[in-house]
Amino acid sequence: MCGIVGAVAQRDIVGVLTEGLRRLEYRGYDSCGVAVLQHGAPRRVRSIERVANLAEQVEDARLSGTIGVAHTRWATHGAPITDNAHPIFSRDEIALVHNGIIENHEPLRDELKALGYAFESDTDTEVIAHLIHHTREEDASRDLLTAVQRALQRLRGAYAIAVFAKSEPDRVIGARAGSPLVVGMGERGNYLASDAMALSGTAEHFIFLEEGDIAVLSCNGVHIVDRDGATAHREVQAQHANHYATELGPYRHYMQKEIFEQPDVVADATERVRSITPALFGAKAQRAFSEIDSLLLLACGTSYYSALTAKYWFESIAGIPTQVEIASEYRYRESVVNPCAMVVVVSQSGETADTLAALKHAQEIGHHHTLAICNVPHSSMMRLTELHYSTGAGPEIGVASTKAFTTQLVALFVLALTLGKERGRVSTDDEAHALRQLHHLPAALNSVLALEPQIVAWAQALARKDHALFLGRGVHYPIALEGALKLKEISYVHAEAYPAGELKHGPLAIVTNEMPVITIAPNDTLLEKLKSNMQEVRARGGQLYVLADAGTKIESSDGVRVIQLPGHYGPLSPILHVVPLQLLAYHTACVRGTDVDKPRNLAKSVTVE
Ligand code: G6P
């Protein structure tokens, strides 16, 4: 979703802006642009193509300057056309980029039109640019910071902005309320970005702005004021060394790279769990865990499916009642608050607007105990919750989440064990056994990844289909949901997942010999039930594609294709079974020639509602 970069330096910053945008491409966008102050006037280049194309246009236009802002836009208000691309100008004085949604843009637009402002775009963003311009005109000091402060007070909604003014050629101002923004400090300049990764190699130190903060950047320093206008001193963090490179290396796509990184990231994630203790979740966890009687998990997308999977673990291992809810639903419904329920938000980015709003809503209505399970350590969710657990998968660039999902599952499993141990349901032997299983996971994942050639063959067949069904039972039902989501997201094959027992209550009606039915068949207590469901499919001609554990005695036959996985992996089996489904979606998308890492209409980090 929208990405922001801003820069002020003692050198030309155009390269920093375009490189920053390139690194934000993974968030998803449909247009992009750069503006700099050149020869005393704002100049911009905008494109409805990729950042690489923008960079060429920028070079052709000989754009250069020492202050500037840049943007990747994921359209919300107004189609993805050049006129709606950011930076947005106001009367050739103000240049502004924005991430988020301004809810009261309509009355503000009418007001500004009445004041004589001509609107050139359909965006809500243009309102902010003109409002800052107008507020500044009204103020005798003509100070950009004062104008930004006053203008922002009139906005309702979520935003992060970066702005500069023609008549203040030495500073760029950034502000956040609801959307992420980080300040990067380097030797020869200071920078702004939606995500620290955009500035890696450019800035050595970072400040993660708090809600309501406004940052004034000049070459000489960074001054931050809080929402009340008081100078704020925020913690300066050194750049975190991350050994998971953000470059593609030998892989064709980031998604493929991230699928194959899973044994390593899971090894890192399990390595730090040498024993099961509440301290893994923060200093306050011991007390918090003793005060709760249930869990309420909130998440979106793939993270929602990891939460759904974990519900089975929480109830079977820890015996703790667990509710899982889609964040965008929870935040708007009247729910019955149990103050003894711990709210657990699960998110790769820690910035997803609906999950963040659901968390705030839960806190407002009386949930005291909150835990974030996130992949981005300094994210908003990690900073808003009482307890935190960093999943440590490293940067995930592909829009379709893979390694973030498996590491979330590891974290949630560790949480289930911890709560089980605290509640006297996990013995020392159980703990030792579970830890052995966790530590052996990377090897098990490697043996599943070795199945890739067989999955490529399935993908060839699946790529010719328009629809697919995914079946699973028990803890593997959410894995079927995740498999269907992956296929939809990146290959655009319509896919639905069902608990296999539900087949006869509807989906069987669409099963013909044209319908591929991808079935997850672990060697668990539900196997015989699942085999009956598979018979129901075959009896209607459905084409079964079965991921079967060793020992299930499910063999390939007419209309039944089987890929055999290693032996059943106990409660952690979902972590192994999801990997062939990731590979299946990936290879199907490759055969269909889609843009795997940037699927149409989707964004990596959904920072607007
Ligand atoms: C977007 C991404 C998904 C992700 C979901 C939730 O839709 O494309 O891959 O699962 O957001 O994101 P989060 O960062 O909260 O896990």
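FYI, residue positions are counted from 1 along the chain as it appears here.
Keep in mind that glycine also has a Cβ here, set from the backbone N, Cα and C atoms.
Taking a C-beta cut-off of under 8 angstroms and a sequence separation of 6 or more, Cys2 (active site, nucleophile) has the following same-chain neighbours: Arg27, Tyr29, His71, Thr72, Arg73, Trp74, His86, His98, Asn99, Gly100, Ser179, Ser194, Thr607, Val608. For Cys2, the entry in TrEMBL reads active site, nucleophile.
If you look up TrEMBL, you'll see Lys604 marked as active site, for Fru-6P isomerization activity. Counting only residues at least six positions away in the same chain, the Cβ atoms of Met1, Tyr26, Arg27, Gly28, Ser349, Glu396, Ile397, Gly398, Val399 sit under 8 Å from the Cβ of Lys604 (active site, for Fru-6P isomerization activity).
The domain 'Glutamine amidotransferase type-2' annotation in TrEMBL covers 2-220.
Positions annotated as domain 'SIS' by TrEMBL: 285-425 (among others).
Confidence across the domain 'SIS' (458-599), taken as the mean pLDDT and rounded to a whole number, stands at 95. Per TrEMBL, domain 'SIS' is recorded for 458-599 (among others).
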For this session: Taking helix as H, G and I and strand as E and B in DSSP, count the residues of the domain 'SIS' (285-425) in helix, strand and coil.
Result: 66 helix, 27 strand, 48 coil
